[in-house]
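One structure is given below, encoded as structure tokens.
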Amino acid sequence: MMPRARLCSLCLLTLYLVTGYGQEGKFSGPLRPMTFSIFEGQEPSQIIFQFKVNPPAVSFELTGETNNTFKIEPDGLLYLINPLDRETRSIYNLQVAALDAHGAIVEGPVPITIEVKDINDNRPMFHQPKYEGSVRQNSRPGSSIGTFTAHDMDEENTANSVLGYRIVAQTPQIPLDGLFLVQTYSGVFQLAKRSLKKQDAPQYNLTVEVSDKDFTTLCAVQINVIDINDQIPIFEKSDYGSVTIPEDTKVGSIILTIQATDADEPFTGSSKILYRITEGDSEGRLGVDTDPHTNAGYVTVKKPLDFETAAVSNIVFKAENPEPLVPGVTYNESSFAKFTLIVTDVNEAPLFSQYTFQARVSEDVATGTKLGNVTAKDPEGLDIRYSLRGDTRGWLKIDPVTGEIFSAAPLDREAESVYRVKVVATEVGGSSLSAVSDFHLTLMDVNDNPPRLAKEYTGLFLCHPLSAPGSLIFEATDDDWQSFRGPQFTFSLASESLRKHWEVSKINGTHARLSTKHTSFEERVYDVPIRINDGGRPPLEGTVSLPGIILAVVFIRMKNKDKDNVPSAQASEVRPLRS
């Protein structure tokens, strides 16, 4: 059996020859930071290095990114125990420490870096199994077709990953072989020897080889020869005569079919035909839709027609391809056609200038005040007469000739704040056709409603005899428009003589308190009129009566003055206050 020391020396010598290191020309040495380079793919159980330390160190410990790939023996021999793969991991960071007999670290740990060196162990691969490109017929030699690329997992920018391309087969070989070339290192495909004609072959199938210094991979490439647009569309006839239609023809109706043909390859951008109106329709009333299978053009109505605007139009079409024509080929008179559009008159209803007319006025405008006006026109130029529909309150009247609208009665915002009616415009003569629009009258508030009690108060009472001054609370309201703060009423007694016995105090903008000022009241009915002022512009004042009946038990009833039979009537005394 070979001595252990001789075996170790042989292993270290083998590793040196394989990997090509030399840490200062030694294969063993003291514990210090070191870097080792090892080629991937090495057989396992290779010795990398032997570390030496002095007592009290008796063994070594290996930590870090060992990945079950590296191992260290107690005598300091660092081993590779599993093969390396650079494409999986290119660097390992380890730490080595020297331990004493108790397992304590006495030296280190020191960093050990393992660099995995690349070998050519990966075959070049294409990104996809088959590529497809195209080239126009009559393209010049040297024209680019496309770039076809492969990749290699070996280390970049080394001889292991440098790839070369070449074409190894062409089918068919018509009109000759070698019609294409590929740049050796870029993978750029080009047309090589001559221009192609689709009549010779519409498609070529190539086999492309990519290789590094050791491996080769094949890929299929399909090159399609595309027709060029060297033929113009030609109309079957240049004049389609005249087409007569009424002006109320529905939008979307087909009024004419036209046809042109193209000798380029069918169902391509070179042979597809688009029709465009070049003269006679600046308003865009017509359009042409192309049948994708037959290239027939259907002339349709895109916008409403108008006899009064354009009764006769000379329409010119142009047939063209979405694909540009090749240089030297241009459209000529064969790609143009015309027809005459005749639009006949149809009696049409009047047209209002607006869908809705609006006006804003104060509710107290005088009767006969102009509120606004509406306008309509008859397409045939006939006279128009205006009338109102839905004037349920009889507030409005309209001038039948001018369309001016006036107030015909007093307006009341509290009855209706926005008054909506219909306005009818009817043509005079013809078929007496009519059209309808809306008129909205917004009424702005005027302070024309005096304050009043918010409700009828019943069942309120004061006991007699009064042991102490009594009181009751009442609420006022107003039918006019109120701001976000609500009404702000003021309250006072309507007679000076009442102030000896009664007093009114304001609680807030709508409520007040009526109180007795003493307890010496007789058992009888008392009339207590109270003024309520709304502070509006102009300010209005209402007087309400608070009668009470004082018997064994005193009852006080509150009501709006002089309106016993009308539950929510306004006060009988209403007058503006003087400033």
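Each residue, glycine too, has its Cβ placed from N, Cα and C.
Just so you know, TrEMBL annotations are computer predictions that nobody has curated.
These come from TrEMBL:
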DOMAIN    58-126  domain 'Cadherin'
DOMAIN    127-235  domain 'Cadherin'
DOMAIN    237-352  domain 'Cadherin'
DOMAIN    353-453  domain 'Cadherin'
SIGNAL    1-22  signal peptide
Composition by DSSP (helix, strand, coil) of residues within the domain 'Cadherin' (58-126):
0 helix, 37 strand, 32 coil
When the domain 'Cadherin' (127-235) is classified with DSSP, how many of its residues are helical, how many are strand and how many are coil?
0 helix, 50 strand, 59 coil
Which numbers of helix, strand and coil residues does DSSP report for the domain 'Cadherin' (237-352)?
3 helix, 53 strand, 60 coil
Helix, strand and coil counts within the domain 'Cadherin' (353-453) (DSSP):
0 helix, 49 strand, 52 coil
